[in-house]
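Features reported for this protein in TrEMBL:
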- 6-25: transmembrane segment (TRANSMEM)
- 45-64: transmembrane segment (TRANSMEM)
- 76-93: transmembrane segment (TRANSMEM)
- 105-132: transmembrane segment (TRANSMEM)
- 144-164: transmembrane segment (TRANSMEM)
Amino acid sequence: MIGWGDVYKVVAAMAPLYFALALGYCSVRRWKLFTPDQCDAVNRLVAYFAVPFFAFDFSARINPYALNYRVLAADALSKLAVALALAAWAAAVKAKQRGAGGDKLLAASSGWCITGFSLATLNNTLVVGVPLLDAMYGPWARDLVVQLSVVQIIVYFPLLLLAFEARRACAGGAGNKPAAPPASDDDVEGAAGRIEPVDYQSAWALVRAVGLKVARNPNVYAGVLGVAWSCVTNRWHIETPSIIEGSVLIMSRTGVGLAMFSMGKLASKKLLKRINEITRMHARYKLVLHNP
């Protein structure tokens, strides 16, 4: 049975995160401390330095020779189940596209399939999941979250980029070149920079473009470097030099606070706009689903 002591541990672990988020929200919404250019500078600091060092620090501490493959397989199966459900929904939408406005409906369905998959399966596990599960279940749960996060950074984020680029390639091949859907600014673990619209002529061009996006994503190569260093240290039983460890830690410790601060700052600018957009989208989907 969950006692009040357990509840307090969870609250104590989560309250600092929301304190940083509230500071970010108030600094822009209430106190007007940051201009748009300064907000962009903070976002770049988080995306290119704070969170990558945070991801590298955790990736370098796992033991790649003692991974929990059952948990990783369960995570992969859950993502596959979500992908199949969204694919079935997209197929149903495609069957409806023979009517009026079918092309727009199909384009919207593909975009929302990618967005739905991202929201349902790819989250900020390092920033929020690690302190939460560590408080709830202890170090073993924290280790599982770190393993899932490393796989997410190295495998699933590049696949998500591939899905975005494939969608854009199909749109370009159909003669339409819509603006690229912006990367979610509050997804601090998946920030990859701006993506320019590209007209792809071959599968190789698509793969090359995705490779360039992955190479520009600091979180991806932070995770790869962290796993590579972890393989070296665990294979030959060597310790990280104190100079390198201290240099990484001094940036890594800023990762959680700055990430939550940045999300609060972004929420202050986009919350009302997103509520209106979601309301309008809900009305459109309700209309579509009730059409004969």
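In case you wondered, yes, glycine gets a Cβ from its N, Cα and C as well.
Predicted automatically and left uncurated, TrEMBL annotations should be read as such.
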Ranking 45-64, 76-93, 105-132, 144-164 by Cβ pairs under 8 Å to the transmembrane segment (6-25), which is first?
105-132
To the transmembrane segment (45-64), which of 76-93, 105-132, 144-164 is linked by the most Cβ pairs under 8 Å?
144-164
